[in-house]
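Undergrad: Got a structure for you, written out below as structure tokens; questions coming shortly.
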């Protein structure tokens, strides 16, 4: 078009809008988005091979991505009786929330071709997707109750001194601090972090329709509560390590205060710094669903207030991975000590109950989130939803 204009030839661009399901029908009876077809032509010549492609936008209110919607143009049939067909040659497709953007290097009739996915073998899977982002429910925390008796045990060499009920503190360490009170307070801090995480997660969806500033603050709150929850899980693991594996009468001055500075202070300080100096790290995040995993329960993309920066998202994953790795190693070491103590007391059958309580307490089941790819996706979603 620019070349024609440079030669001083006046051209008229003709645009045609067609809303019909029967005019452009190929041999496969293909469907186009909203039955909308847009035509663009120059009156005097055919235009192809444009260096700057033509951009056409189609609006919608459905769940669309590259797997089920693509930009096409109408290619007439070769013969008089042959039907034409839709072709993708020379067109690029870009998906945004509620919009499909088509960029083509020629002028003709344009549309968005809908690709019908085969029925999913897992019809409930889309309903599980929001829960795969959901933190563990608060009612799982009492499963750690079997660990209370374990927390008051020393290494095997001290087992004879610590055969007391869960409600009785270890006598050797009660002179300087009350371990059961400290343990209970750590549990309460973890419970508060989980409660904040659940509440901020529930608010992230409805507030995604609000102003950008409010959504960014909500995303920052969700991010901070997630980091704090992971930090308190690491604090639980460290506390278990001190009580059960290390010397049983170890004493740390201002122990709980230091844990609070680590688990509350550092994550909040990091999030506030990001919110102040790089505010666009938080914003609107759209959860897309892959091909074949859709049903009628999710017709529009799920938008939440969350991280929009890829480096920040990767840093959060690395942080979560390190915490879960540390907790898993501590869990393994603690279970070795517990098994030794249980054998001496003849209670080896209770090991599985203790393992369940410690696993929920340390959040190691969150590690399933790292297997959300390939053939592991479907089992991971079901297991993550059930266990968490």
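In case you wondered, yes, glycine gets a Cβ from its N, Cα and C as well.
Curation does not apply to TrEMBL; its annotations are automatic.
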Undergrad: If you check TrEMBL, which stretch out of 146-167, 256-277 is marked transmembrane segment?
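TA: Going through 146-167, 256-277 one by one, TrEMBL gives transmembrane segment for 256-277.
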Undergrad: Between the candidate ranges 186-209, 282-305, where does TrEMBL place the transmembrane segment annotation?
TA: 186-209
Undergrad: Is the transmembrane segment (221-244) packed against any residues at least 6 beyond its ends, judged by a Cβ distance under 8 Å, and which are they?
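TA: For the transmembrane segment (221-244), the far contacts come to 135, 147, 150-155, 179, 182-183, 186-187, 189-190, 193-194, 196-197, 200-201, 203-204, 250, 252, 259, 262-264, 266-268, 270-272, 282, 305-307, 316, 319-320, 323-324, 326-327, 330-331, 333-334, 337-338, 358, 361-363.
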Undergrad: Treating G and I as helix alongside H, and B as strand alongside E, what does DSSP give for the domain 'GAIN-B' (1-120) in helix, strand and coil?
TA: 8 helix, 52 strand, 60 coil
